[in-house]
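K.L.:
Just dropping this structure here.
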Amino acid sequence: MKTIIALSYIFCLALGQDLPGNDNNTATLCLGHHAVPNGTLVKTITDDQIEVTNATELVQSSSTGKICNNPHRILDGIDCTLIDALLGDPHCDVFQNETWDLFVERSKAFSNCYPYDVPDYASLRSLVASSGTLEFITEGFTWTGVTQNGGSNACKRGPDSGFFSRLNWLTKSGSTYPVLNVTMPNNDNFDKLYIWGVHHPSTNQEQTSLYVQASGRVTVSTRRSQQTIIPNIGSRPWVRGQSSRISIYWTIVKPGDVLVINSNGNLIAPRGYFKMRTGKSSIMRSDAPIDTCISECITPNGSIPNDKPFQNVNKITYGACPKYVKQNTLKLATGMRNVPEKQTRGLFGAIAGFIENGWEGMIDGWYGFRHQNSEGTGQAADLKSTQAAIDQINGKLNRVIEKTNEKFHQIEKEFSEVEGRIQDLEKYVEDTKIDLWSYNAELLVALENQHTIDLTDSEMNKLFEKTRRQLRENAEDMGNGCFKIYHKCDNACIESIRNGTYDHDVYRDEALNNRFQIKGVELKSGYKDWILWISFAISCFLLCVVLLGFIMWACQRGNIRCNICI
């Protein structure tokens, strides 16, 4: 082979051909894309980890640590629960007739009145919370033959004995407690919420001393419902000096309906009604401080931005919030596949295109050109292909947010001990929903990432094919994203290729002439095949001569005998 190369060299000299090298009659043009030294790993449908030049985090994993009071109206419960504020606990009087979008209950909240229980506490709490108001209207109930406004030392209002301000404790008058039968129609066009109760004395003596009868009864009815409660007399654990209890009940009276109260003792009567409203108000348990700031989304941990489609802060939210998922991170590719530049090359130590690696330092575009010609080297971005890719990628984040952000709140689910199985079922359903959303989120992001990478690769290929169609036979595809241009191509010529105004006919003759020049040791010209065929033919000829000479020599020595038969 060395002999062949040497002969080729002599042959080229004899014909007066120019050897390839750093002449001024050719140029190199490479196409490439942006790259960064350290990219970001994302997940796609086909790859668990693929490096891209840029990515955006989609999961909000931290809160501000404070609850913003704008645009939602936040009502701080301070040391009162919503039910205590509803009943009119003396230390919660400041909440009378208040309104809210979100009522925040604190862990330090406590009751400071007569000990009570609410058999359907969660439902009442949720009902009042969603109404968003404690607006109370006093009504003129007529209670004949009984003593009103009972009080207790367990419920101090100032230095005096008191009671819940929204309830009326009825006891005997003298030595009688007549049967009470009171009606109250709803002539308005809204629902009315009535709160009432039943007193459970701790002893029979307390029962008769308050209500005369040994056993009382309370029945509250509307056309749609009826509740009858018989007091349970018996001692209970002491709370604020009392072993008796009050059970709190509630009744909703629709427009046109009638409230009927019938009792012969133990009645804790309503003083009026709460005006019910429909809305998206809610309640949340949180110890985060309330601050003057703006946030659409609130969690018990504090407010969070809603500029991301997912969050991992808390399942409980209020407002327009990202969807809760289990993942701590989900990254959306907002750049192309990253192939860091090989630093040993230098800028043009060995010029290479996008097939080998990306180009670092392209700050003015995602795709571009590098060239090497008689005037030196240079680089320029292709803004058209860059903008085409950016336009399609920019809307991705907004589309994902639109698909996932909830325009409603996820309230706390509470159940009584009796409803334990329902609570377990609810928890299972919620956990299943979270699992499904977490899976869907991961799949959605992987699909979008796959599309982004395919899209950016496609734009690179489009630019390469566009350049190839312009150059035609005037250049040769070097296989690494570069073209060897076989004519003198100055900077103006390079610019015409970049902007699509290159006229290949102008340079055709020069390119064809240079293209067929022998390229010396590179053996890349059209003579390479001829030289190889000639070398092969000469080798075969010499082999035949040697073989024929050996046969003739052997015949002369008598080692080989040939018989020819006719």
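Just so it is clear, glycine is given a Cβ too, placed from its N, Cα and C backbone atoms.
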K.L.:
Say which of Cys482, Cys489 is recorded by Swiss-Prot as the disulfide partner for Cys493.
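P.N.:
Cross-referencing Swiss-Prot, the cysteine bonded to Cys493 turns out to be Cys489.
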K.L.:
Swiss-Prot annotation: Cys293 disulfide-bonded to which of Cys68, Cys540, Cys544?
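P.N.:
Checking Swiss-Prot: disulfide partner of Cys293 resolves to Cys68.
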K.L.:
What does Swiss-Prot give as the disulfide partner of Cys113, choosing from Cys12, Cys30, Cys155?
P.N.:
Cys155
K.L.:
Can you grab the distance from Cys80 (disulfide bond) over to Cys155 (disulfide bond)? Cα atoms, rounded to a whole Å.
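P.N.:
With the alpha carbons as reference points, the distance is 14 Å.
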K.L.:
Give the residue from the disulfide-bonded residues Cys92, Cys155, Cys293, Cys489 that has the most other Cβ atoms within 10 Å of its Cβ, counting over every protein chain displayed.
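P.N.:
Most Cβ neighbours within 10 Å: Cys489.
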K.L.:
In Å, rounded, how far does the Cα of Cys68 (disulfide bond) sit from the Cα of Cys297 (disulfide bond)?
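P.N.:
That separation, Cα to Cα, works out to 9 Å.
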K.L.:
Cα-Cα separation of Cys293 (disulfide bond) and Cys493 (disulfide bond), in Å?
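P.N.:
Cys493 (disulfide bond) has its Cα 58 Å from the Cα of Cys293 (disulfide bond).
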K.L.:
Using C-alpha positions only, work out which of the recorded positions Asn24, Asn38, Cys155, Cys493, Cys555 is nearest to Asn181 (N-linked glycosylation site).
P.N.:
Cys155
K.L.:
Tell me whether Cys297 (disulfide bond) sits in a helix, a strand or coil according to DSSP.
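P.N.:
Note: Cys297 (disulfide bond) is in a strand by DSSP.
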K.L.:
Is Cys493 (disulfide bond) helix, strand or coil when read with DSSP?
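P.N.:
In three-state terms, Cys493 (disulfide bond) counts as helix.
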K.L.:
Could you pull the average pLDDT for the topological domain 'Extracellular' (17-530)?
P.N.:
85
